[in-house]
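Annotation comment: TrEMBL describes 20-39, 74-94, 106-128, 134-155, 167-185, 197-218, 283-304, 319-341, 348-370, 376-403, 415-438, 444-465 as transmembrane segment. Positions annotated as region 'Disordered' by TrEMBL: 481-523. What TrEMBL lists as compositional bias 'Basic and acidic residues' is 487-502. Marked as compositional bias 'Polar residues' by TrEMBL: 503-523.
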Amino acid sequence: MKLSKKNPAETKENQRNWSFSLVVAALVGAFGSSFLYGYNLSVVNAPTPYIKAFYNETWYRRHGQPIDPDTLTLLWSVTVSIFAIGGLVGTLMVKMIGKFLGRKSTLLVNNGFAISAALLMACSLRAGTFEMLIVGRFIMGVDGGIALSALPMYLNEISPKEIRGSLGQVTAIFICIGVFSGQLLGLPELLGRESTWPYLFGVIIVPALVQLASLPFLPESPRYLLFEKHDEAGAMKAFQTFLGKADVSQELEEALAESRVQRNLRLVSVLELLRAPFVRWQVITVIVTMASYQLCGLNAIWFYTNSIFGKAGIPQDKIPYITLSTGGIETLAAIFSGLVIERLGRRPLLIGGFGLMALFFGTLTATLTLQDQAPWVPYLSIVCILAIIASFCSGPGGIPFILTGEFFQQSERPAAFIIAGTVNWLSNFVVGLLFPFIQKSLDSYCFLVFATICITGATYFYFVLPETKNKTHAEISQAFAKRNKAHPPEVKADSAMTEEKANSQTEPDSSSTLDSYGQNKIV
């Protein structure tokens, strides 16, 4: 009944919610943030042999002998994995930086890390110092850690709840576009050559400069201005800009109601959030979601792609071009998720995505085991790889960042993103560290480990995760209240605010200051 009444009007309302400023904020914010994260995940693959040769030449020049193979492997492993260590450091810095600078200014300052990292890595070959490349990768990791916390917070706080999921999915879409761009620019015809590989890392400076030139013209998060800076006039102007309308009294009233509740609340620390009984299951769900996001086996897929394509009979020099199909599928699946997330909801996409990944991981294990039995079997392995990537990006690839912003109130959100980011980057590091050993021990059966993780995640979400589509933070907290066996203090205060509002309607003289404020200022 509610759906049939709401669908046509809801579609029109959602279209109105997409203001020009909101779209620009999402695109510019993601291009200078999550795009760079995705780009740096894939950019090291194409120039690997040239970078190793550069390490060997530098070592020989310094020590008069070629580098030991084990030392070279260690240096390359550090070069790749130090990105995750930097990401963890960046995540831990977000709360401190964001408290003083705000969401938008944090993103702007973060471009300093990207620019300095790009210059270090691009100049490493000319300087003959491979340490510059390693330090640059670490700094780029710091940029990624800050970006993947500050950007989802910013997008969550500037978007109307009706399109919060779609706008939040922009983070994942640009991660996928970044991965695809790294693969594309790594082709030999472009920058994937011995003489031009440093420019692959120098390209990083472009998105950072675009964001630096564009983002200052957009407002800060209205909720940050209202809750942490107590700037009602600034918050109202920000709401007007992002919502694309003059009358924002309803949105401001909702935010002020939440602001009154949290007026005496300071930012919650990570330890306090972990101990709080009324958000216990929200924290557990964020941890499970982020761990599943990294441990589900997608990194293993990238490891196997070239060998599977080679066994399918694809010539070695053609494999980089075929690999582009994986980046293309990834991007299309992320866009599909952004288009349907407000119709289907977060819960079905997460459960369905992990469930399908488990199914295709099982099929991939069978095809890899039997690939010598028939000439067409390796091609079935390629189909499984593309299906796993599509399943991941259609739900699990972006929703974890959205849920972290939706589960928690303003005072809890920075600590929540620190917890989520820490789990994300530590899991990333663990996969990079342990996967070679798992693969060596189990060979193609290693994918059964990832299938088990996907099934476990899907089962958890089926029994624990409530749907958060089109719900306020108070409603989401209420959905967890029964499982937490504790009601958040905000809920009680909200009910008090509702009574106060009802009483104010019967007494004209006691109308809220917000109404008079809105009438005086909006026109």
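Heads up, the Cβ atoms here are built off N, Cα and C, so glycines get one too.
Tertiary neighbourhood of the transmembrane segment (348-370): same-chain residues 289, 292, 296-297, 308, 337, 340-341, 377-378, 380-381, 384-385, 387-388, 391-392, 394-397, 399, 444-445, 447-448, 450-452, 454-455, 457-458, 461-462, 465, selected by CB-CB distance under 8 Å and a gap of 6+ residues from either end. Remark: the transmembrane segment (319-341) contacts the transmembrane segment (167-185), by the rule of 3 or more CB pairs under 8 A. Listed by sequence, the residues of this chain that lie at least six past the ends of the transmembrane segment (415-438) yet keep a Cβ under 8 A from its Cβ atoms are 77, 80-81, 84-85, 87-88, 90-92, 94-95, 145, 148-149, 152-153, 267-270, 272-274, 282-283, 286-287, 289-291, 293-295, 299-300, 303, 400-401, 404-405, 407-408, 446, 449. Counting Cβ pairs under 8 Å to the transmembrane segment (197-218), the top-ranked stretch among 20-39, 134-155, 283-304 is 20-39. Across the candidate stretches 20-39, 167-185, 283-304, 444-465, the maximum count of CB pairs under 8 A to the transmembrane segment (134-155) is reached by 20-39. Long-range neighbours of the transmembrane segment (20-39) within the same chain, counting only residues 6 or more positions beyond its ends whose Cβ lies under 8 Å from a Cβ of the stretch, are 107, 110-111, 114, 140, 143-144, 147-148, 150-151, 154-155, 158-159, 167, 170-182, 203-204, 207-208, 210-212, 214-215, 218-219, 241-244.
Sequence-distant contacts of the transmembrane segment (444-465) (same chain, six or more residues past either end, CB-CB distance under 8 Å): 281, 284-285, 288-289, 292, 295-297, 300, 346-347, 350-351, 354-355, 357-358, 361-362, 364-365, 368-369, 396, 435, 438, 483.
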